[in-house]
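Undergrad: Starting off with a structure, shown below.
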Amino acid sequence: MLYPEYPEYDNFNESGALIKVVGVGGGGGNAVNHMVMNMVKQEMGGTFVGESSLTSEEHGRIVFYAVNTDAQALRKSQVQQTVQIGGETTKGLGAGANPNIGRKAAEDDQDEIRKMLEGADMVFIAAGMGGGTGTGAAPVVAKIAKELGILTVAVVTKPFTFEGKKRMQFAELGIKDLSQYVDSMIIIPNQQIQKVLPKNAKLIDAFAAANDVLRNSVMGISDMITSPGLINVDFADVRTVMSVQGQAMIGFGSAVGEPGAGRAEEAARLAVRNDLLEKIDLSNAQGILVNITAGMDLVFEEFNIIGETIGSFASEEATVVVGTSLVPEMSDEIRVTIVATGLGEIAGNEPIQVVRQGLSTQNIEGEGRVNIVPELHRRESVEVSRTASEEYQRPLDKPITDRLEAFKKNNFFNPAQREEN
C-alpha cells in the first residue's frame, strides 16, 4: 500500500519550536500587550523573550512583536521588540484608517519585517480588520512569512456593525487579501461581544476577555507541542493540521467531576458546540488536532468518548491527531483543546467562525455553560493629512466614498494587479 506523500520537516532543537506572535496595528498590538502582561503575571507559557522571568524549559519559545505605523503606540507597548513601519509615509502618526497607507508602509519596510520573522517555525498574526495598519499591513507580513516557509495563522476581528458598512467592507476585503498568504485564519466578529457578556460588564473587562482569545489560542497550541504527554503532539503534527488552508477554529472545554463519561462529554461539548456558531459547518473539517489534559485519574472511556465526539464532525479524509497529557496536580478536572482547519474558503460574505472557550465547574448532572468571547479591540489612530505623496494623501474631511474610489484606483481590491504594477 502506498501512503500519500507529506512534506519533510527539519528536526527541531531541544528547546522546541520557535513561535512568534506579531501584533499588527492598534488592535493587534493591544491583543499582544494583553497576552504579555498576563504571561508576566501568571508565569505561564514558554520562554518569554522580553522583560520577564519566564524561563520554563518544559515549554517552547514564544517571542512577541508589535508592528505599527503609530510611533506613540509603539512607545507605550509592553512588547519589547517593536517594528515601526512607514516612517516616510506616515511620519509616525498612524495610517489614519486608510488600508492603502498601511499596505504601503509595510511594503516600504519589508526588509525589517523579514528580519523580524526569520527563524520562526510558526507565526501568529493578530490584527483588527477595517482600519488602516492592521487591514493593509497584515497581508504584507503574511506574504513575507509565506515566502520564508513559515507556518502562519492569522487571528483577526471584524468591526462592530455600528462602525458602518464601509469599514466592514474594508475589513472583508482585507480578510480576503490576507487569506491568500496564511495557512489558517480565525475570524472573530466584535459584534459578538454584546451577546456574550452581561449588559453591566465594564468596558475594560469586556476587552480584556476578548483579548484572552489570542492568548488561549497561542498557549493552547504551544502547550500541545511542548508539554510532555502520554501521547505526544509534535510540531510536525501541528503543521500538518494547520497547513490545511481555509477557515479555522480553536476551541477549549473544561469540566470538573468524577472520572467517567460525564465530564468527558461535557468538556468535548464545550469545545465543539455553541449556539452562536450554528451557521458554521464543522462537518467537513479537513484537519483536526486534539489535546486532552487531565490528572492521573483519566480513564480509557473518557479518551474514547472525546475521540468519538471529535470524529463525528470530521470528513472521511481528515487528518486527525490526538494527544494526551497527564498532569498529577490536576484533580477531578479534564481539559480539551481542539483545532479544526479546512472549514471552507474564506470570503467576506461567508459565515464566520468564532474562537470559543468553555469552562464547566458544575456537577456533571447540571448544565455547563459556554463562554465565547470575540477577540481584539482596535485602537483608532488619529486621522491626519498625508503629505508624503499625492497618491496616499487623505484630508480629514475626505468622504469615505471618495476613499473607496481611491482604493479601487490603487488596486487595493485586487492583490494580483497590485503585484503587477
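Quick reminder: no glycine exception, Cβ is built from N, Cα and C everywhere.
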Undergrad: Kindly point out which candidate in N200, N211, N216 is recorded by Swiss-Prot as part of the GTP site with G26, G27, G28, G29, N30, G132, T133, G134, E163, R167.
TA: N211
Undergrad: Between the binding-site residues N30, T133, N211, whose Cβ has more other Cβ atoms within 10 Å than any of the rest?
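TA: It comes out as T133.
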Undergrad: Tell me the Cβ neighbour count for G28 (GTP binding site), meaning other Cβ atoms within 10 Å of its Cβ, over all protein chains shown.
TA: 35
Undergrad: Most Cβ neighbours within 10 Å: which of the binding-site residues G26, E163 is it?
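TA: Most Cβ neighbours within 10 Å: G26.
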